[in-house]
Amino acid sequence: MSNRNLSSSSLFLATIDNITFHMTYYGPIILLIIGTIGCLCNFLTFTSRQLRENSCAFYFLCSSIFEFLSITFGLTSRLAADHFDYNLQHTNRIFCKFRAYFVTTIPLIATYLILLSAIDRYMSSSIHVYLRSFSQIKIAYRNVLIVIIIGLISCSHILISYDLRPKCATLRGIYTIFDGMFVVFWVGLIPHILMLIFGCMTLKNIRHTRQRRIIKMEIKHININQNQHQNYHKTDAQLILMMLVQTGLSSLLILTRMIYYAYYILGPLFTGDKKIIGSFLMSFTTLLYYTNYVKSFYIYTLTSQLFRTIFLQRIKEYIQKICGTRSKRSVELYRGK
């Protein structure tokens, strides 16, 4: 019986190890392809005339840029290290420091830009004119710059603490716990808890506005601008829906990763056969972490008819431009003959 149990245990661990290998190889490749396409489609949509001057759409646009940087740099460097013997991060001191710095800073900035979109939707849905005045594109420009600066400065300690020891790692001892808690709280818990809070407050604002129906405009003004007002309200409502779904799923994916990461830092070390299980869980939650920065385009497409419409319009515009350019070249070549 003991031999059977031992063999079944060995088979189980070998299966887990094999799954981990394939997961860490094919997972990043799939996420890179899906994420790159999604981020480019986001950029195409959020730069449209309809959304160009909307503050929430601007936050989504900037977040998509940092999501693109996060998956292209983070996933490619991890895939290269795991499967292609690209050990520059464990042999080059400068690359070690800057990789550790950027794989934390870039996702952090992307996350806080989504938080800004949640705050913006709360402001825009408020019944108070003063709060609604903060939902402006000129304020969005300033807020994005502030978030980028805070993100770059708050992670600067990584440049000092990470070094070759002999592999790329942080300082041992108490700083290891600090670094882990910094990631868990500053990148994970704090922004996502705030997202959920502002999301709930936004829903409350919407419910409050629908109940009270406080609309103070002159009859002539309503007749003249009714269609424009309805279009603006439709855009606003769909951006709120996009933000709420994005926030909810982001919280689920990131907090799953952070719960395991906190256990990995604070819990007992994995020894013996448990290392294989620990490696699987670390790899799986890491993929969930990067999935958070891949999903946005597909969430926006599924939740918003406005987003789908604008995206298809932009695709048609580019196809028409390409076809128009080719037809002009054909005419010029024909005339040249």
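Glycine too: its Cβ is placed from the backbone N, Cα and C atoms.
According to TrEMBL, the protein has these features:
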DOMAIN    38-300  domain 'G-protein coupled receptors family 1 profile'
TRANSMEM  25-46  transmembrane segment
TRANSMEM  58-80  transmembrane segment
TRANSMEM  100-119  transmembrane segment
TRANSMEM  140-160  transmembrane segment
TRANSMEM  180-203  transmembrane segment
TRANSMEM  239-264  transmembrane segment
TRANSMEM  276-294  transmembrane segment
Have the transmembrane segment (100-119) and the transmembrane segment (25-46) got at least three CB pairs under 8 Å, pairs 6 or more apart in sequence?
no
Residues of the parent chain within Cβ reach of the transmembrane segment (58-80), under 8 Å, 6 or more residues beyond its termini
24-25, 28-29, 31-32, 35-36, 39-40, 42-43, 46-47, 86, 89, 99, 102-103, 106-107, 109-110, 113-114, 116-117, 120, 137, 140-141, 143-144, 242, 286, 290, 293-294, 296-297, 300
With Cβ-Cβ distances below 8 Å as the criterion, list the same-chain residues six or more beyond the ends of the transmembrane segment (140-160) that contact it, or say none.
55, 58-59, 62, 97-98, 100-101, 104-105, 108-109, 112-113, 116, 120, 170, 179, 182, 186
Express the predicted model's confidence over the domain 'G-protein coupled receptors family 1 profile' (38-300) as a mean pLDDT, rounded to an integer.
82
